[in-house]
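Asker: Have a look at this one before I ask anything.
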Amino acid sequence: MLSKQQQKSLLFVLAFSLIISVMNGTMFNIVLPNIREEFALSSVLMGWFSSSFLIVYAISTAIYGKCTERFSLKTLLIFAFIVLLIADILGYLGQNYASMLLARVLQAIGTAIIPTLGMIIPARYFAVEERGFAFGMTATGAALGAAIGPMIAGFVAQYFSWRALFLLSLILILTLPLYVKNLPNEQGKKVAIDFVGGILLACGASSILLAITQFNVIFLLFSLVAWVLFVIRIHHSKTPFIHPSLFKNTKFIIMLCFLFIFIFVGAGESFLAPLYLSEVYQLSAGKIGTLIFPAAIITAAMGVVGGKIVDKMGALFLLSLASLMLLLYFVGTALILGYSEIWIAVLLVFGVLGCSYLTMSLSNFVSYLLPEQQIGIGMGLFSLVNFMAYAFSSVVCSKLLDLHFNVVAINLLPTGTNAVVYSNILLFLALIYVVGMIVFKLKFSHQVRLRKV
């Protein structure tokens, strides 16, 4: 076990690393128009620039999780930061779209180690009664990164160059000495890794993400084939990439299903908010950022509070609190959409904080359900499912917007066609969440106690 000082230092550097990692994932969305103009890109190529990072980032978290069974965290960090260094230099100096795309893919591989550490360090090196606080600190870092990322991206792009954004993630490399100092000196275990199984997992996950983001049936069929081969592989390999016993952990698998449902709904908040603020309220990008910023800052400040709630009251209590916040946001926003944006800003506090507490509580639940030897790959799968839910949510919400989901105005308060469409989608998401929570409580309320399963 780590000393108290090592735990404190690790949480500090981990929270800081998550700020940079999350910023790196969101900053380039602000400068996509600049990149598109400079390289004269089509919408399809622009879509690949965004989706390639998400797909590789998601898959890398699961692969890093598995690799922790064989390699020490220090070794994985050194590898990831070397890849990140190459990516940042390539992105800053690259002169064509291909080099930019490759740089973003390598950045995804390099920075994906951070959310993996954000899951594994609290689960592996903190006692159950302290785990909530640890997850709270990581949530604080992620929330701060989401809050300041767009503003920093806009500042750098305006006063320097959008290419300089590649250099910002180099700050992560400066944290390596702190990780080396405070992580335990673990020796890598002589555990064989089934790389064929890993490749099949990557193919299955990437194909289904491509099927979702590109709305392509061919990718979906390819994904099904890859998943079938993956299942066959793990049952016949002497050292399977994911041991079949993990899938026999029914509580864990059911929890992943609930995770997908809840994150699918929660992701709708982050996807829809900028859109309805633009289309319903006709706000500029700067004003939208200003309106959302207080919610992100409050969420960052309240992250540690959420962790303490888990340690004292249990993950189930925090999940219930998060659910109340999210329902207040979805239903409240659906009812007043089109009226004063000040009230929307207030409701966004509940929405953003609710999403943060939702992820925090589910992280704790999953860590309780995993034996120590499966924490690495288990938390990696948690991250993978999390990203898949985000991707699926954005596609479904986009499709509902395209279909003009306003055949019937579910409530009569919103004014204007756009407001009715967004109101209906928000209420639709709220309904899914309520049904999911009812089933979740029936399944887990008698099995999951305050801190232990």
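Backbone N, Cα and C atoms are what each Cβ position is placed from, and that goes for glycine too.
Copied straight from TrEMBL:
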- 10-448: domain 'Major facilitator superfamily (MFS) profile' (DOMAIN)
- 12-32: transmembrane segment (TRANSMEM)
- 44-64: transmembrane segment (TRANSMEM)
- 76-95: transmembrane segment (TRANSMEM)
- 101-121: transmembrane segment (TRANSMEM)
- 133-153: transmembrane segment (TRANSMEM)
- 191-209: transmembrane segment (TRANSMEM)
- 215-232: transmembrane segment (TRANSMEM)
- 252-276: transmembrane segment (TRANSMEM)
- 288-307: transmembrane segment (TRANSMEM)
- 314-336: transmembrane segment (TRANSMEM)
- 342-369: transmembrane segment (TRANSMEM)
- 421-442: transmembrane segment (TRANSMEM)
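Please go over these features one by one and say how buried each is and what sits next to it.
Answerer: Cβ atoms under 8 Å from those of the transmembrane segment (76-95) belong to residues 64, 67-68, 102-107, 109-113, 116-117, 163-164, 166-167, 169-170, 172-173, 176, 179-180 of the same chain, restricted to positions at least 6 beyond its ends.
Beyond the ends of the transmembrane segment (101-121), by six or more residues, the same chain brings 10-11, 14, 17-18, 20-21, 24-25, 28, 48-49, 52-57, 60-61, 64-65, 68, 73, 76-77, 80-88, 90-91, 94, 134, 138, 141-142, 166, 169, 172, 363, 367, 375-376, 379-380, 382-383 to within a C-beta distance below 8 angstroms of the stretch.
Within the chain, the transmembrane segment (133-153) has long-range Cβ neighbours (under 8 A, six or more residues past its boundaries) at 7, 11-12, 14-31, 118, 121-122, 126, 165, 168, 289, 293, 296-297, 299-301, 303-308, 310-311, 352, 356-357, 359-360, 363-364.
Distant neighbours of the transmembrane segment (191-209): 51, 54-56, 58-59, 62-63, 66-67, 69-70, 219-220, 222-223, 226-227, 229-230, 233-234, 237-242, 384, 387-388, 391; these residues of the same chain sit at least 6 beyond its ends, with a Cβ under 8 Å from one of its Cβ atoms.
Sequence-remote contacts of a segment are chain residues at least 6 beyond its ends whose Cβ falls under 8 Å from one of its Cβ atoms, and for the transmembrane segment (252-276) they are 246, 288, 292, 326, 329-330, 337, 348, 351-352, 354-355, 358-359, 362, 365-366, 369-370, 378, 381-382, 385-386, 388-390, 392-394, 396-397, 401, 418-419, 422, 425-426, 429-430, 432-433, 436, 439-440, 443-444.
Under 8 Å from some Cβ of the transmembrane segment (342-369) lie the Cβ atoms of residues 119, 122-123, 128, 131-132, 135-136, 139, 142-143, 249, 251-252, 255-256, 258-259, 262-263, 266-267, 269-270, 273, 277, 281, 291-292, 294-296, 298-299, 302-303, 306-307, 310, 315-316, 318-319, 321-326, 328-330, 332-333, 336, 375, 378-379, 382, 386, 444, 448, 451-453, all in the same chain and six or more residues away from its ends.
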Asker: Which listed range (12-32, 215-232, 288-307) shows the maximal number of Cβ pairs under 8 Å with respect to the transmembrane segment (44-64)?
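Answerer: Per the Cβ under 8 Å count, 12-32.
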